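K.L.:
Dumping what Swiss-Prot says about this protein:
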type	residues	note
TOPO_DOM	1-10	topological domain 'Cytoplasmic'
TRANSMEM	11-31	transmembrane segment
TOPO_DOM	32-75	topological domain 'Lumenal'
TRANSMEM	76-96	transmembrane segment
TOPO_DOM	97-223	topological domain 'Cytoplasmic'
TRANSMEM	224-244	transmembrane segment
TOPO_DOM	245-335	topological domain 'Lumenal'
TRANSMEM	336-356	transmembrane segment
TOPO_DOM	357-533	topological domain 'Cytoplasmic'
BINDING	C479	heme binding site
Amino acid sequence: MEALGFLKLEVNGPMVTVALSVALLALLKWYSTSAFSRLEKLGLRHPKPSPFIGNLMFFRQGFWESQMELRKLYGPLCGYYLGRRMFIVISEPDMIKQVLVENFSNFTNRMASGLEFKSVADSVLFLRDKRWEEVRGALMSAFSPEKLNEMTPLISQACDLLLAHLKRYAESGDAFDIQRCYRNYTTDVVASVAFGTPVDSQQAPEDPFVKHCKRFFEFCIPRPILVLLLSFPSIMVPLARILPNKNRDELNGFFNKLIRNVIALRDQQAAEERRRDFLQMVLDARHSASPVGVQDFDMVGDVFSSTRCKPNPSRQHQAGPMARPLTVDEIVGQAFIFLIAGYEIVTNTLSFATYLLATNPDCQEKLLREVDLFKEKHMVPEFCSLEEGLPYLDMVIAETLRMYPPAFRFTREAAQDCEVLGQRIPAGAVLEMAVGALHHDPEHWPSPETFNPERFTAEAQQQHRPFTYLPFGAGPRSCLGVRLGLLEVKLTLLHVLHKFQFQACPETQVPLQLESKSALGPKNGVYIKIVSR
């Protein structure tokens with residue numbers, strides 16, 4: 001009996017601890033790899049994942065380089081794991097068409113991590129299902145040619161500050177980082193056009209708006225926290241949402257308060273006194289339901305059509321009242337997306353275009369002649385004259401976006417199990433469109449690393465295979481602000497090249513090193529010299 005008692009104590013003590021530890025380790029080992037059989041079951045090739053973090057280390061060199069490597073090693077349809085989440089990567093045009101257009105009803109939503117800032121989560125970029133459709137429909141009118149024409153003078157005013165700053169570099173003859181100048185300029189445009197708050201980032205870097213913008217784009221998740229989020233998403237993501245975060249809360253509070261104050265001021269003003277900026281266009285549209293259906297949401301298709309500055313007859317219907325008007329949080333969200341697109345996408349597009357023109361002087365000379373002729377006819381450019389009167393500038397921008405698409409990857413989620421061109425797609429799967437790999441595929445773009453604006457003559461574009469050029473996406477959920485983004489890029493290059501010429505110099509990095517943590521951009525800036533004309 002004493003022996004049995006002794007045995008009982010042993011079982012209840014250290015042996016239980018050891019047994020539980022072994023069971024826990026076995027459970028963790030199973031959990032660490034349990035999500036990593038799904039791609040294989042779908043017949044999709046992929047890099048070998050590491051326990052818990054999946055293929056996170058595959059992307060340590062940057063998403064751009066890794067996207068090219070995925071395409072090279074595993075083909076136009078492959079996959080990877082980021083933590084436990086599975087991604088199906090597509091760079092095959094016909095399948096992309098099926099996802100973005102033909103089967104859009106099953107791929108309506110973008111992937112959301114659950115960690116987005118409140119302002120970002122309430123934007124049209126991340127809204128989902130019916131609410132996305134309602135808000136996108138209401139905002140369509142804010143991007144009409146008529147409304148963009150009203151915003152053109154505001155962009156030109158911000159550009160005047162940029163020109164004054166560039167003049168000092170032209171007078172000094174020094175090499176400088178023009179990307180930093182563009183970043184200050186796009187901050188000024190965003191503040192003025194989207195937030196109704198004119199600033200001068202170059203002269204007033206301590207302005208609260210400028211400081212909070214800088215804080216937002218410097219925000220990043222520490223690597224150990226990122227590993228935990230990827231490894232245990234069902235626990236860590238909800239926890240991260242509810243735990244206090246001073247930086248996040250201060251940024252949300254600042255931009256929310258700023259918009260609320262502007263709304264309160266404008267509600268007290270007569271209609272003719274209100275500033276005609278993007279924020280006002282959103283406020284004007286906040287109660288209006290879309291007069292069109294999802295099938296007419298494709299802004300990118302309109303922009304690249306031959307009638308891009310003419311009214312679309314399908315949209316010439318009177319909008320009715322919106323069942324649930326845009327909330328203040330949603331209005332802040334739209335301004336916030338303007339901030340992200342303006343600060344990153346427009347800045348980087350301008351930087352890349354400047355680099356390509358500086359290193360391709362023959363193309364720059366041709367563009368300068370077009371700019372001079374245009375300026376002779378249009379001293380004060382309007383939206384439609386910019387749309388139709390600068391064909392070579394259009395070609396330069398299009399080729400810049402082919403070579404260096406800032407938005408080089410975007411996602412869709414499968415709502416239900418389906419089959420796309422013979423490939424089974426399970427519900428909840430995240431599909432990633434590999435725009436960078438598509439734009440550098442020699443099958444579609446011969447000599448893809450060569451800058452050649454002639455790829456985008458009217459005749460050449462007729463020969464392009466559909467869905468091989470996607471700098472703004474495609475289909476009903478393509479970029480809503482494509483017109484405004486291109487307007488800002490074109491207007492800026494027009495004003496700058498009318499006054500200055502870009503020159504490569506010993507400090508110019510050739511080829512450019514790239515950074516791709518989020519949007520694609522130059523890693524070390526774009527150093528050039530400029531000469532007054």
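Backbone N, Cα and C atoms are what each Cβ position is placed from, and that goes for glycine too.
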K.L.:
Non-local Cβ contacts of the residue listed as 'heme binding site' (under 8 Å, 6 or more apart, same chain)?
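P.N.:
When sequence neighbours closer than 6 are ignored, the residue listed as 'heme binding site' has M299, V300, A407, F472, G473, G485 within Cβ distance under 8 Å.
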K.L.:
Counting only residues 6+ away from its ends, which parts of the chain sit with a Cβ under 8 Å from the topological domain 'Lumenal' (32-75)?
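P.N.:
Distal contacts: 81-86, 88-89, 91, 227, 230-231, 408-409, 423-426, 434, 436-437, 440-441, 514-517, 520.
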K.L.:
Looking only at the topological domain 'Lumenal' (32-75), what are its DSSP counts of helix, strand and coil residues?
P.N.:
22 helix, 2 strand, 20 coil
K.L.:
For the topological domain 'Cytoplasmic' (97-223), what are the DSSP-based totals of helix, strand and coil residues?
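P.N.:
Its residues fall into 84 helix, 2 strand, 41 coil.
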K.L.:
Express the predicted model's confidence over the topological domain 'Cytoplasmic' (357-533) as a mean pLDDT, rounded to an integer.
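P.N.:
Result for the topological domain 'Cytoplasmic' (357-533): average pLDDT 95.
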